[in-house]
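In what follows, a single structure is set out as C-alpha cells and then discussed.
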Amino acid sequence: MPIRIPDQLPAADVLRTENIFVMSETRAAKQEIRPLRVLILNLMPKKIETETQFLRLLSNSPLQVNVELLRIDDRPSKNTPTEHLDNFYRQFEMVKNRNFDGLIITGAPLGLVQFEDVIYWDHLKTIMEWAKSHVTSTLYVCWAAQAGLKLLYDLPKKTRKEKLSGVYHHRIHKPYHPVLRGFDDSFLAPHSRYADFSPEYLAEHTDLDILATSDDAGVYLATTKDKRNVFVTGHPEYDPHTLHNEYIRDLGEGMEPAIPVNYYPNDNPDNPPIASWRSHGHLLFSNWLNYCVYQQTPYDLDHFSEEAFTKDE
C-alpha cells in the first residue's frame with residue numbers, strides 16, 4: 001500500500017526516485033477504493049491444482065481482489081471435472097464486454113508444439129488482443145510468456161535441446177524497478193520448460209525492461225515500459241511437490257528426465273524437496289498487484305482507456 005505524506009515533504013522526491021509509491025495528501029483526499037478485478041486464463045490441464053496455486057499468491061495482499069476464472073474453449077477436459085468447469089469458469093463470450101484490472105495467463109504443456117499447431121492459438125490471440133483495450137496489466141507465465149512475446153513482438157519460438165527443470169539462482173538488474181521492490185539481490189525460482197529466453201536476444205529484439213536473469217535459465221522476469229505486460233518465464237506459483245510430480249510422470253511415460261536441478265536434498269529423489277522459492281512468489285505477485293495493477297488502473301473500469309491510468313502527481 002502507498003504511504004501518505006504532506007505534499008511538500010522533502011523526503012518525497014527521494015522516495016520517488018527509488019520508485020516508492022508516495023501518495024500526496026491532495027491525491028489521497030480524492031482517492032476512492034474498490035476491489036480489484038483479476039481474470040485468470042487457466043491453460044493448465046489440472047485446473048483445480050493450478051487455480052489454487054495462483055489464488056494462494058493473490059491472497060497475500062492487503063488489497064481486495066475479486067477473481068474470475070476463464071477457460072480457453074468448451075472442449076471436455078481429461079483432468080478437471082466438467083461440473084467444476086461449468087460452475088466456476090467463464091467462457092470468453094461472457095467477459096469480452098467487460099474490463100479488468102489484471103489478467104493472468106498461465107503456462108501450458110505445449111513446449112514442443114509449434115504455435116500454429118496449438119488447437120486454440122487463434123482464440124488465444126483474440127484474448128491477448130482484447131486485453132490491450134480491456135485490461136490494465138497482463139501477467140504471462142511460462143509458456144504464456146513465450147506466446148505473448150510472439151504476439152506482441154513477433155519473436156519466433158526458440159526451444160532448448162533438453163528440458164529445463166529445477167530451481168535456479170537469479171540476479172536482479174534494476175533494483176529500483178517497482179516489480180523488484182523488496183527482492184533480494186539473488187533469489188531462487190523454479191523452471192519447467194523447453195522454451196529458451198536468451199537475455200541478449202530479448203535485449204536486441206524488444207524494448208522490454210529485463211529485470212531478472214539466470215546464468216542457466218536465461219531471462220526470468222521482464223516487463224514492458226508501461227508495466228502493462230509482465231513476463232515470468234518460470235513457475236513461482238508451483239507447490240513444493242509440483243516438479244517432483246512432473247519428474248515421476250515423465251519417468252512413468254518411459255522418458256529419461258534429468259533430476260530437477262537444486263531441488264532434492266543431495267539430488268536424491270527419495271528425499272522430500274524443499275520449497276526455497278515460496279517467499280519470492282508471494283512478493284512477486286504482491287508487487288504486480290500493487291505497482292502494475294492497483295497504482296495504474298482507473299477507478300471506473302467501465303470507462304477504461306489508457307488515458308485513464310493513474311498518473312503520479
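Heads up, the Cβ atoms here are built off N, Cα and C, so glycines get one too.
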Notebook entry, point to check: Which one, Lys161, Lys163, Lys225, is listed by Swiss-Prot in the same substrate site as Ser192, Arg249?
Noted result: Lys163
Next item on the list: Would you pick out, from the recorded positions Lys163, His235, Arg249, the residue whose Cβ has the largest number of other Cβ atoms within 10 Å?
Entry: His235
Check: Cβ distance under 8 Å to Gly111 (site 'Important for acyl-CoA specificity'), same chain, sequence separation 6 or more: which residues?
Finding: Trp143, Thr159, Lys163, Arg193, Tyr194, Ala195
Next item on the list: Could you measure the widest C-alpha to C-alpha distance across Lys163, Ser192, Arg249, the residues recorded as binding substrate, and give it to a whole number of angstrom?
Entry: 14
Check: What count of other C-beta atoms do you get within 10 angstroms of the C-beta of Glu237 (active site), across all chains shown?
Finding: 27
Notebook entry, point to check: Cβ within 8 Å of the substrate site's Cβ centroid: which residues qualify beyond Lys163, Ser192, Arg249?
Noted result: Ser165, Leu243, Glu246, Tyr247, Asp250, Pro257
Check: Hey, what's the Cβ neighbour count for Ser192 (substrate binding site) at 10 Å?
Finding: 21
Next item on the list: In whole Å, note down how far the CA of His235 (active site, proton acceptor) lies from the CA of Arg249 (substrate binding site).
Entry: 18
